[in-house]
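*Asks:* Annotated N-linked glycosylation site per Swiss-Prot: 69, 183, in sequence order, evidence recorded as sequence analysis. The annotation region 'Disordered' is assigned in Swiss-Prot to 171-195. Taken from Swiss-Prot, the feature signal peptide covers 1-19, and the record attributes it to sequence analysis.
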């Protein structure tokens, strides 16, 4: 199964990242990194709801996004809208102008109830507004499966943020279900326990401009 980037609804004019050749990431990180949400939207986080939370890890090496309603399910009666939901978040990133970051990998946390023959997948597209490049992560699990999960994937390539103190960073994440058994059922939803969200941890690499 392949993740179709088109189904995340990104027009070519919204394309992604700053196309700069890969370099060895720096071991140091900036002492400041803040996020301000510009907007969010999608079937899994309508723009008029407060269903997305985000923060920067204390070491500035990851961004954590928590989704309250990023869920998908499949059975004999579900529609395509039930079987896939997405959430696009546009963040204003502010930091030091002599550093750039790139998405290195993503880890997804949630809860799955999957019969045999059912597959659930997470995928994300990352890009910086005004740049013509993008990166993505995509990973999944197959049934039979019950309980909380952790799924990891490395970014398919490095795209680096602009050298500047503030810039828009876009993350479009979806969850989807597929099945090769018409009688099977499946659901990917919020993690069981106190956290109670679908969580995405975006690991960052840094380098100096």
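Any Cβ shown, glycine's included, is placed from N, Cα and C.
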*Asks:* Measuring Cα to Cα, tell me the gap between residue 69 (N-linked glycosylation site) and residue 183 (N-linked glycosylation site) in whole angstrom.
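*Replies:* Roughly 25 Å, rounded to the nearest whole number.
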*Asks:* Just to verify: the residue among 69, 183 with the fewest other Cβ atoms within 10 Å, which of the glycosylation sites is it?
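*Replies:* Fewest other Cβ atoms within 10 Å, among the glycosylation sites 69, 183, is found for 183.
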*Asks:* When DSSP is mapped onto helix/strand/coil, what comes out for residue 69 (N-linked glycosylation site)?
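*Replies:* For residue 69 (N-linked glycosylation site) - judged by DSSP and reduced to three states - the answer is coil.
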